[in-house]
Amino acid sequence: MNLSQLAINQTRLLEHLNAMADIGMTPKGGSNRQALTDEDKRGRQLFLDWSSQIGGKVRRDQMGNLFVRWPGQDNTCPAILMSSHLDTQPTGGHYDGVYGVLAALEVMTTLREAGITTRHPLEIAVWTNEEGARFAPAMMGSGVFSGALDQASMHQSADKSGITVYDALMETAQWGDIPCRPFPIAAALELHIEQGPILENQYRDIGIVTGVQGMNWFDVTLTGETTHAGPTPMTMRRDPVAALAPLLSSLYALAARHGEQSRLTIGDIKTLPGARNTVPAQVIFSVDLRHPEQSALETMTAEFQSICAECHGAVAVSVTPVWHSPAVQFNPQCIDAITRASQQLGYTAQPIVSGAGHDSVYLSRVAPVGMIFIPCKDGISHNELEYASPEQLTKGANVLLHAVLRLAAPDIHQKEVI
């Protein structure tokens, strides 16, 4: 067989995506299958039903992570893993995460139909609670699997109704009997919509993800003094809002100094007590710093803290760290397999750094990892308007197929394609 001619079935992939979208369909046509709800359970079961039709062997761990495995020619070899998630935001779209899982299923179905057994076993993973919409933190299942998060603590994470992850695992029958810990993985690939506008704006079919931005989150509090807005002269106020304006200007200038790859976002600002005719006692605002290079992120962070410390005037400043995720560089062999697959198929492609977190970030702690992006319309995601065209969905799945073949059956693929 000439493997260069092998392609996924677009009609079947779209049918699977549409059938999954019917579960938890929102009034505006989006998706609501939050982690460990009845809708999430139904979506997972539909995936398992499809997997069983092509002979997949199912395992489930104590975080509810699903693993479906197909044997290889040499089952002593570590598996080639394809993974993503099926849970969504409350008003999410039809493609975030879901596309990666169902494209992986389509890759397996295509290989089975063609009678191809790779040297390495192949496996699909569905990670629990990637979105973090119902339970905090996000990327929970992959985080525990990789050892980055503690299983006992995650089991006690509760939603707004007080239901814990452990309770929800039991109520939805998603608890598994195997420990949530790594197993040998030769390579792990994740296919995903970009969730940003770069590929569409550059007219590229494929994004070859080289890594994920590092992220540092902080809360900054400026403390002054509450006084009456009328009787208190401007020169006699300890007004934290007056201190905020030049501080924000300095912070945005910081981001500009570090080039196009830097990101600084002030996503939330609130005043206390928040009365129209009262000079506030406090301003509290969030800061989100990101950069794909860890050293640059650390430099940005140090400069940010220095700027806050030098904020002068009649207010006190405090900076509280909230969350940190280091920059991640993906595996060169996985990147090469994705690059060569894109070239072989004649698709336009470019390297890209992910601006969003993904399960692959945690997975990179325990396995060689690569990611594939496709464009989504207007860069919209976490939104009921999220959309990717059938053509782009198909191209991404074909790249996944041929990247997997390069990693799982290198001898066959080299002889017949390269």
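Backbone N, Cα and C atoms are what each Cβ position is placed from, and that goes for glycine too.
Site annotation (TrEMBL, ligand Zn(2+) 1) includes H85, D96; from H16, H120, H155, H192, the additional listed residue is H192. Cross-referencing H382, H402 against the Zn(2+) 2 binding annotation in TrEMBL, which names D96, E131, picks out H382. The Cβ of E131 has fewer other Cβ atoms within 10 Å than any other of the binding-site residues D96, E131. Under DSSP, H192 (Zn(2+) 1 binding site) is assigned to a strand (E or B) in the three-state scheme. Listed in chain order, the extra residues whose Cβ falls within 8 Å of the Cβ center of the Zn(2+) 1 site residues H85, D96, H192 are S84, Y95, G97, V98, Y99, G100, E130, I193, H358. Cα separation, H192 (Zn(2+) 1 binding site) to H382 (Zn(2+) 2 binding site), rounded: 13 Å.
The Cβ of H382 (Zn(2+) 2 binding site) has 17 neighbouring Cβ atoms from other residues within 10 Å, across all protein chains displayed.
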